[in-house]
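**Q** Sharing a structure below in structure tokens format, with a few things to ask.
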Amino acid sequence: MQDTKQPSPYFEFSPEQWTEFSHKKERINLTNEELQKCLAYNDNLSLEQVEKVYMPLSRLLYLYYRSRHERSTVIEQFLGKSIESAPFIISISGSVSVGKTTTARLLHHLLSSWPSQPKVSLITTDGYLYPNAILEEKGILNKKGFPISYDVHRLMQFLIDVKNGVRDLKVPVYSHLSYDVIPNEFTVVDRPDILIIEGVNVLQNGADYPEIRNSTFISDFIDFSIYVDASEDNLITWYIDRFLKLRESTFNKKESFFHRFAAIPEAEAISLAKLTWQSINHVNLVENILPCRNRANLIIRKGDRHAIEKIYLRK
């Protein structure tokens, strides 16, 4: 992945090397039932991988969080007064179908389980997509997930409010069933210690949104960023597999946006999934998502069947 002729900005670890950074006395127990609740649709992850990769990662993130908290104490000493400690914000980015949601849910569970039991909240940027009606009006429904499809100003205001300790913030909810933002439905984020924000766009900055003249951007609010990486061949395979499984389940519901595809033959469904990937997801990956990869503090590289092959930690 890295050019061997140039010094890499990352330390590189195999899962076997990475697991050595997990301290047994700090071990967090996770049952298989709890793991299954963390898995997104069609994702694949074993307890062994959790122990080798995600438990050491949760320890690293917890240490970063503690360090951030200690920095607030230093500022208090300097100012001579108490201040509210801002939430530690973790972003998780990567392509469609790479497994961002599973990573986010798992880290939410693990970080919440540390002895000090920090208050951890999890949101996705899907809720900040423009509603389908607006996307259709703008003629960009086929660009959903691209930078232009997000209400960036609204997302930015949420991040500003989070950092300033505003209470009971409402986060819009996105439905993968209706393929749209649900009107007047929200989740509430109330001054968490740690906020995990998951989405394809969380590593992007002002250079990715030239039409928005703003001195700050999403990535400016992130304390630690993670990019989940995989070859495009694997991404396509996982996308098609997920599409076929959804065709047999969720698509059968009449309220599903994709209900019309539930009864089509499997060969036609595969062709449709491939076409969707090439015309939309591939373009978004190459133009908007992959170029942000090396902005991340940590990269998780996956191989076949979502098996983690390498971990890259920024020096």
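Each Cβ is built from the backbone N, Cα and C atoms, and glycine gets one as well.
Relevant sequence annotations retrieved from TrEMBL are reproduced here:
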- 89-247: domain 'Phosphoribulokinase/uridine kinase' (DOMAIN)
- Gly94, Ser95, Val96, Ser97, Val98, Gly99, Lys100, Thr101: ATP binding site (BINDING)
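Map these features onto the structure and tell me what's around them.
**A** Annotation note: Ser95 (ATP binding site) sits in a coil segment as assigned by DSSP. Packing around Ser95 (ATP binding site) is summarised by its Cβ count: 26 other Cβ atoms lie within 10 angstroms of its Cβ, all protein chains included.
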**Q** Which residues, in sequence order, are found in the same chain with Cβ within 8 Å of the centroid defined by the Cβ atoms of Gly94, Ser95, Val96, Ser97, Val98, Gly99, Lys100, Thr101 at the ATP site, excluding those residues themselves?
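**A** Not counting the recorded site residues, we get Val200, Val228, Leu235.
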**Q** According to DSSP, which kind of secondary structure is Lys100 (ATP binding site) found in, if we only use helix, strand and coil?
**A** helix
**Q** I'd like the number of other C-beta atoms within 10 A of the C-beta of Lys100 (ATP binding site), please.
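**A** Result for Lys100 (ATP binding site): 24 neighbouring Cβ atoms inside 10 Å.
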**Q** Give the number of CB atoms, excluding that of Val96 (ATP binding site) itself, located within 10 Å of its CB.
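**A** Result for Val96 (ATP binding site): 19 other Cβ atoms within 10 Å.
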**Q** Determine the mean pLDDT over the domain 'Phosphoribulokinase/uridine kinase' (89-247), rounding to the nearest whole number.
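**A** Averaging the confidence scores along the domain 'Phosphoribulokinase/uridine kinase' (89-247) gives 93.
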**Q** Sequence gap of 6 or more, C-beta under 8 Å: which same-chain residues meet both conditions with respect to Ser97 (ATP binding site)?
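**A** Ser97 (ATP binding site) has long-range Cβ partners Leu235, Trp238, Tyr239, Arg242, Asn281.
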